[in-house]
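**Q** Sending over a structure as structure tokens; questions will come in a sec.
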Amino acid sequence: MATIEDGASQNDHTTVVDSRSEVVSLTDQTNLLPRRKVVAVFFGLSLCILVSTLDATIVATALPTISAAFNAGSVVSWVPSSYFLTSTAFQPIYGRFSDIFGRKAALCMAMGIFMIGSLAAGFSQTIIQLIVLRGLAGAGGGGIRHNIAVAQQPAKAFLVSGKYQGIIGVVVAFGFAVGPLLGGVLAEKAGWRWCFWVTLPVSVCAVVVVILILPLKAVEGNIAKKLAVVDYLGTALTLAGCTLIILPLIWVTVIGVYITMLINGFVFYSALFYLPQYFQVGLGYSAIRSGIFLLPVLVSQTLASFISGQIITWTGRYRATIYVGFGVWAVACGCLSTVTPATPQGLLVFFMLLAGTGAGGTLQTTTVAAQASVSRRDMSVVTAVRNFIRLLGGTLSLAIGATIINNSLRHYMKSIGLPLSTISAIVDDPTVLGARTAATDSTFADLGISAAVAEHILGAYVKGFRSVFILNASLNAVATVAAIALIRHTDLNRGDEDELRKRAADESTQSSEKNSIAENGAGKQDAGGDEDRSQNV
């Protein structure tokens, strides 16, 4: 058995089978080193892990300074989050890169990306630039952590690995302890940009040591084939998944608004288009009568929206209105799912008024919540996305609702053995079922069914509508929970309104003065022209 003093190598290969069933051989990187060389290698590796740990923690105490520099308190938490996000997502792919290019090359590549990201981050002119470049540095930082973990083990025997793992642990602890302190000192004395530059000299030393001392073991095989087996899609999905986890934690209110608005659009447009159909086909109403019965929803929604706005103005709070709105709307949708031809019209109107009240209480209040939770420069974008998501919800509701209703109808007609031609004819024109009250057996003769069968088919059709209403009630319940859990209160008085009004008044005054001067100048020119003409005469 090879020992640490043997300087032995292993030339085993790992085989990977790609999607085309081709066998790709990956060179084993195990390379046991003499004791003195192990110490030198670990010195370089310790420097690498030190700069990675320092860079991950050094911004902790510098965030307030960075926030003030860019006036970006609402998004400054993305500076460390972007680093950890890409660091997490790129670690798996570095595992395969280290097998393809070798531990040494992969570590140097990671260090290079890390240094470029850190250097560029220090020159950032906007908070967006800083967040993106910190993400770039994190992509390198994740590779450093992975490659050090796998590079140290092949350099020593497992028997003595505990001792070296302890050394790495001390370096990591030192970096975590010193990073925040160093970041605070640099932010206060030298400027926050030095928080990203201070690690560069140590990084250069670390790379030099790794290049000169860490043994390079040649890799064999076709590089292109090896790259083809890398799970790029998995890395992208990991990055997207991590982002989706982080987003609700940072932009919690905005995400809460987007979720509730997706549901708002889904339920509202579903009711707007499917209630008239339900009235005409399920209850046998005329088109005009079904339109009249839709008025209670629209009228109560308008009143509820206006009253909600007044409540927000009086109290400065909006969350309770959103909670109550979605809760009432959920109850209303549940009530609508119980409507039958025997339901009193007065009760039906009450259900409709209840639905409109819930919808009105959630429509504009969520816009206030979203706009209050972001800076003024982001209000336009957030509002546009909110409107887009609401319309997206409406689009989905029409497609999903039609699928539920038609599938319910098709499933029943297939179960009673109707021919496909009859099924298609009824699905294409279900209003024929709504005329049953004045129909005789001859009315359905062309379809090959009796009035009694048509009544049962109509029951299946109505069942589809009820499923849609129950789905809407469930979604509104989800929206209520999401609003309670995610939407946070933000003071609607930003404190800069008086200054903005004064600035607007000054600009208006200056504009008026300029217009007045321009008009006086034009008047003098006209008077001068008249005088010249009189002299010529």
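For all residues, glycine too, the Cβ spot is worked out from N, Cα and C.
Predicted automatically and left uncurated, TrEMBL annotations should be read as such.
Note that the coordinates shown come from a computational prediction; the quantities given were computed from them, not determined experimentally.
Per TrEMBL, the feature compositional bias 'Basic and acidic residues' maps to 496-506. Residues or ranges marked as compositional bias 'Polar residues' in TrEMBL: 507-518. What TrEMBL lists as domain 'Major facilitator superfamily (MFS) profile' is 41-491. Per TrEMBL, region 'Disordered' is recorded for 496-537. Marked as transmembrane segment by TrEMBL: 38-63, 75-94, 106-128, 164-187, 194-216, 228-250, 287-308, 320-340, 346-370, 391-409, 468-487.
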**Q** Between the stretches 75-94, 194-216, 287-308, 346-370, which one has more Cβ pairs under 8 Å with the transmembrane segment (164-187) than any other?
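**A** Looking only at 75-94, 194-216, 287-308, 346-370, the most contacts with the transmembrane segment (164-187) come from 194-216.
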**Q** Please give the sequence-distant neighbours of the transmembrane segment (346-370): residues at least 6 beyond its ends with Cβ less than 8 Å from one of its Cβ atoms.
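**A** 253-254, 256-257, 260-261, 264, 267-268, 271, 293-294, 296-309, 312, 318-319, 321-322, 324-333, 335-336, 339, 382-383, 386, 476, 479, 487, 490, 492.
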**Q** Under an 8 Å Cβ to Cβ limit, what residues of the same chain, 6 or more beyond the ends of the transmembrane segment (320-340), are close to it?
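**A** That would be 260, 263, 267, 271, 275, 278, 283, 304, 308, 311-312, 348, 351-352, 354-355, 357-362, 365-366, 369, 466, 469-470, 472-474, 476-477, 479-480, 483-484, 487.
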**Q** Roughly where does the domain 'Major facilitator superfamily (MFS) profile' (41-491) sit in mean pLDDT, to the nearest integer?
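**A** In the predicted model, the domain 'Major facilitator superfamily (MFS) profile' (41-491) has a mean pLDDT of 81.
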